[in-house]
Amino acid sequence: MTSITLAPGLTYYPDYLDRPAQERLLQSLREITREAPLFTPRMPRTGKPFSVRMTNCGPLGWVSDVEGYRYQPVHPETRRPWPAMPDQVLRSWEELSAYPHPPDACLINFYEPTARMGLHQDKDEEEFAAPVVSLSLGDTALFRYGGLERKDPTKSIRLRSGDAIVFGGPARLIYHGIDRLIEGSSDLLPQGGRLNLTLRKVGKPL
Ligand code: MD3
Ligand code: FE
């Protein structure tokens, strides 16, 4: 397994999932989105829709609406519990996180070719000792990351289908975002676009 340290706490694993593993994960995500359809999150206060659609698996899921950002145990539209995390996802966390408890949330982001995600920090969790593990499928994304302050200088890397990236320790609270996709860069998703999974430990371990 190839790993590249991009900054303290930030490790990149190019081609972490081979093509058969990507296809297995995609099939699991199709089953998850049948039980828990993609929803359109909205900005707190303004209600402006995100360009990314989302769903979740695992005990908790991240949602956003006019009321704010939060983790909750049920889908915001169906009100049903989120589907279980696939074993393949739990095994990736065990291999990459170096954290002794399982994740309690897996956010699944779906990007259409024109979707983007502005620079932000992930700080809706309680347990910052756990890293965030990201798995990418489908079209290549231009991923931007900076430092602990919005004004800090940023760097960009391309996240390709099958890549994993782990943000822990001093990188856990860095600003990051997706500038754009490179359309037609992968043939994994028949209609194009990109799926990203972020595995998280939200609550403090019991
Ligand atoms: C750095 N997702 O869901 S993955 C997100 O590709 C999110 O969908 C992007 O940012 C995506 O919050 C980026 C890489 C990533 C994920 C979580 C992080 C980078 C991170 C948490 C802390 C620091
Ligand atoms: Fe994020």
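Sequential numbering from 1, following the chain as shown.
Cβ from N, Cα, C; glycine included.
Remember, it's a predicted structure, so these values are computed and weren't measured experimentally.
TYR71 (substrate binding site) falls within a strand when secondary structure is assigned with DSSP. For TYR71 (substrate binding site), the count of additional Cβ atoms within 10 Å of its Cβ stands at 19 [all protein chains shown]. Taken from TrEMBL, the feature substrate binding site covers TRP62, TYR69, ARG70, TYR71, ASP124, ARG150.
Taken from TrEMBL, the feature domain 'Fe2OG dioxygenase' covers 102-203. On the 0 to 100 pLDDT scale, the model's mean across the domain 'Fe2OG dioxygenase' (102-203) is 98.
Summarising the annotation, TrEMBL assigns 2-oxoglutarate binding site to ASN109, PHE110, TYR111, ARG194, LEU195, ASN196, LEU197, THR198, LEU199, ARG200. The Cβ of LEU199 (2-oxoglutarate binding site) has 28 neighbouring Cβ atoms from other residues within 10 Å, across all protein chains displayed. Under the three-state DSSP scheme, LEU199 (2-oxoglutarate binding site) falls in the strand class.
Neighbours of HIS120 (Fe cation binding site), defined as other CB atoms within 10 A of its CB across all chains, total 11. Here TrEMBL flags HIS120, ASP122, HIS176 as Fe cation binding site.
Cβ-based crowding with a 10 Å cutoff singles out ASP122 as the top-ranked of the binding-site residues ASP122, ASP124. Looking at ASN109, TYR111, ARG150, LEU195, LEU197, the binding-site residues in this record, the fewest other C-beta atoms within 10 angstroms of the C-beta turn up around ARG150. HIS176 (Fe cation binding site) sits 9 Å from ARG150 (substrate binding site), taking the Cα positions as reference.
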